[in-house]
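Visitor: Among the features that TrEMBL reports, DNA-binding region is placed at A:116-175, A:207-266. What TrEMBL lists as compositional bias 'Polar residues' is A:1-17. What TrEMBL lists as compositional bias 'Pro residues' is A:21-36. Residues annotated as domain 'Homeobox' in TrEMBL: A:114-174, A:205-265. Residues or ranges marked as region 'Disordered' by TrEMBL: A:1-39.
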Amino acid sequence: MSSPDGRYMSSSQSSILSGKPTPPSAVPTATPPPTPLNSIAYSTLQQVPFGNGTASRQNGSVHILQQPNLYYPWLINYQNPQSNLQLYPQYNYPFHQPQASQQLTSSHFGNQTEVLRKPRSSFTDAQVVLLEEQFRQSKFIGGSDREKLSKDTGLSEQQIKVWFQNKRIRMEKLKEPKLYSQNNHPFHQRQTCQHQPIRQSVNLEKVPRYRVSITNAQLTKLEERFKKNQYILKRERLDLAKAIGLLESEIRNWFQNKRQKLKKRGIQKEDQEETDVEIDICTFDSFATN
DNA sequence: CGGGACTAATCC
DNA sequence: GGATTAGTCCCG
């Protein structure tokens, strides 16, 4: 059910893709998915491939045309542009160096460089079981193994590749020393049952989640640091973790959530302002006609 | 329901 | 491989 983006492109179909902006390799054994819309900005989105059709952008909304296209396979499952096709702002990494292509295109629509992003899907327990099983055999997957796992799970090979990438990194993170704070730390206020993995995806046992409560003293320090710079690199994260008695991961999560919250609130505010303007116009119109 | 944690997907 | 985003989960 939750694997809508699984089946979309057979390796035989990928040969059709030659002559396009980012054609995948012609080698059938290693068929990398097409380069996602990572550096495609608005100007190139005037006609973006969309499943078995083509999406075009007009006056801020995306329209679906009916020409066949196989470039952005996940979109085939999201035929309804209103509900599923979204334009997301381009990433703004702390030390991101914009590519030439991005700089070229970003001026077309002001500074609003936006890209399409695949709607996030969540894998079923059954799918994760198979993925974990394969991961236990080998940390890397490719070739026929990946093809088979794709068939078994109903996930695309791209999704499987990404899952393995993320899984390897998750495993590495688990190996990192945990730097638990000492009990006599001035900021220390730690419950006993924290840092249990929330969901043991290996055996799919749902381990109860324990919430970490960040103390006011810690919050003050975090806010203070966030005001200076919304991004914090690993080195400083470790120092701060030690200084205020949190884990590095807790600080990382806090900064991530904080940025997310800020952005969300900001967007909500913008929307509010826009509707405010509309309301103003409406009231003015009704006033003028009276 | 706010917010800390997890994770699929993206970008380098 | 690592950092990050954004959608989601779920505890208090």
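Note that Cβ sites are derived from N, Cα and C of the backbone, with glycine treated the same way.
In the displayed structure, how are the listed features positioned relative to their neighbours?
Guide: Shown for the DNA-binding region (A:207-266): DSSP residue counts in helix, strand and coil, namely 43 helix, 0 strand, 17 coil.
On the 0 to 100 pLDDT scale, the domain 'Homeobox' (A:114-174) averages 89 in this prediction.
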